[in-house]
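Colleague: To start, I am sharing the structure in question, which I have written as structure tokens.
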Amino acid sequence: MGGNSGQPGTHTYTSLTEDGPLAAGEQPRRPTGRLIMHSMAMFGREFCYAVEAAYVTPVLLSVGLPKSLYSVVWLLSPVLGFLLQPVVGSASDYCRAGWGRRRPYILALGVMMLLGMALYLNGDTVVSALIADPRRKLIWAITITMMGVVLFDFAADFIDGPIKAYLFDVCSHRDKERGLHYHALFTGFGGALGYLLGAIDWAHLKLGRVLGTEFQVMFFFSALVLTLCFIIHLCSIPEAPLRDTAKDSLLQQAPQDPPLSSDKTYEYGSIEKVKNGYVHSELTVQGEKTKNPAEQIQKTMTMKSLLRALVNMPSHYRCLCISHLIGWTAFLSNMLFFTDFMGRIVYHGNPYSAHNSTEFLIYERGVEVGCWGLCINAVFSSLYSYFQKALVSYIGLKGLYFMGYLLFGLGTGFIGLFPNVYSTLALCASFGVMSSTLYTVPFNLMAEYHREEQEEQKQKARAGAPDSGGRGQGLDCATLTCMVQLAQILVGGGLGFLVNMAGSVVVVVISASLVALMGCCFVALFVRYVQ
């Protein structure tokens with residue numbers, strides 16, 4: 001992130017692995033079981049996302065949320081995530097907790113997800129039990145439910161960056177690719193299971209009667225799945241703590257190792273050498289030497305330095321972020337309105353009719369079928385992520401990226417132009433292709449970029465040239481992930497206007513198709529692929 005001014009008295013921090021002697025700059029091969037354990041976080045996260053997709057609108061309607069506050073609920077979380085995610089991603093690069101750099105953040109965000117679900121699924125019940133006055137009860141129920149939805153969305157969107165950075169920190173390049181495929185596989189499985197459980201009518205089952213309402217049933221399952229998945233994830237692969245080598249350099253350096261030059265600086269992400277059985281990933285915090293290392297780290301975590309790092313991002317990183325933004329804008333445009341599209345356009349129902357009218361019942365039937373379409377999307381996402389490993393050897397990452405956008409663009413285009421129940425459900429498979437592509441290919445490309453930078457650093461080190469270091473992987477993963485929040489902001493702020501202008505939700509599906517096809521051109525012409 002910083003420069004390489006080479007000031008004397010530089011403070012250096014070293015990430016130490018727990019795996020013993022290795023080839024320089026390489027991580028050990030991780031067993032498949034460990035990578036699957038690491039992927040369980042994505043299973044739990046997507047399961048809870050599916051539950052939210054199925055229940056958040058009924059919950060908000062049941063507490064009497066005014067329509068004027070809907071945009072606040074949906075836009076507040078992505079705005080916060082977009083502003084804060086790069087800050088926290090950069091801070092995690094410098095986290096010196098003994099447990100590791102990423103896992104403390106993952107644990108904190110997991111607890112926030114659990115708290116958010118507890119608030120929005122149980123808030124109305126708790127408020128009704130504690131407050132008798134109808135007006136105060138309405139105000140508190142709306143407030144707590146809104147807080148729960150915003151907190152859950154914020155944490156669930158936020159957590160993807162630290163999870164990816166954790167994977168990149170502890171795995172070799174080949175295991176990063178395998179891990180990303182397992183992430184996509186279990187993301188699909190989690191979403192499918194969440195949609196299936198959300199489609200069950202729990203009110204007429206014994207468990208629903210015991211726990212009270214279907215909201216409490218889904219909170220029980222969500223809390224159980226999320227807790228178990230995150231415990232497994234956090235225990236999956238030992239993570240490297242970050243240590244201050246300025247304090248214990250004598251203990252860490254063998255006698256034959258050359259001392260660190262005072263005029264040579266390093267940044268996080270640069271893997272330099274193996275000493276005493278440890279892989280050293282060295283970073284430099286620029287500035288004058290301070291007595292307290294925490295003060296030195298805090299000096300680096302300024303918004304000015306962070307914005308400078310983002311503005312000076314290499315062009316290939318910037319193009320990757322733009323392509324990710326285009327893909328998520330197209331994907332979210334379609335997914336957020338898909339069940340409404342099924343009810344109103346495919347089934348010709350009317351959500352504004354009386355609740356006992358035929359038009360409204362037809363609309364509800366369309367929404368239910370739309371949920372099954374989302375389930376097909378999740379299942380196919382898992383299946384496609386499995387076959388990606390075979391496809392990449394034939395068509396490469398560029399082919400996978402282009403094909404994902406192309407199939408989604410064509411699929412949504414046909415759905416918008418020819419709305420039919422069976423063809424629409426069949427074309428939901430194209431949503432799964434896009435979902436799997438967005439969860440794997442951009443991060444595979446980022447891993448390729450990081451590997452290329454590390455190879456360049458090794459060549460410079462062998463030639464004796466000054467090393468400018470590498471980019472912080474936490475910051476890069478956070479920057480890429482916050483494109484999802486920016487896409488949510490664009491979709492939340494723009495699609496409602498488009499629907500009001502066109503008078504039909506068909507414009508949403510057609511817009512998603514056009515944006516995805518534009519993305520095809522962008523990933524083919526502007527995204528750089530490492531040979």
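Yeah, the Cβs are placed from backbone N, Cα and C, and that goes for glycine too.
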Colleague: Of 299-318, 399-418, which range does TrEMBL call transmembrane segment?
Modeller: 399-418
Colleague: Please find, within the list 27-48, 71-92, the residue stretch that TrEMBL describes as transmembrane segment.
Modeller: 71-92
Colleague: Which listed stretch (104-123, 325-347, 367-387, 477-499) has the most C-beta pairs under 8 A with the transmembrane segment (424-441)?
Modeller: 367-387
Colleague: For the transmembrane segment (71-92), I need the partner stretch with the highest count of C-beta pairs below 8 angstroms, choosing only from 104-123, 138-159, 367-387.
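Modeller: Out of the listed stretches, 138-159 contacts the transmembrane segment (71-92) most.
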Colleague: The transmembrane segment (367-387) and the transmembrane segment (477-499): do they have three or more Cβ pairs under 8 Å, with pairs 6 or more apart in sequence?
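Modeller: Counting Cβ pairs under 8 Å (6 or more apart in sequence), the transmembrane segment (477-499) does not reach the transmembrane segment (367-387), since there are fewer than 3.
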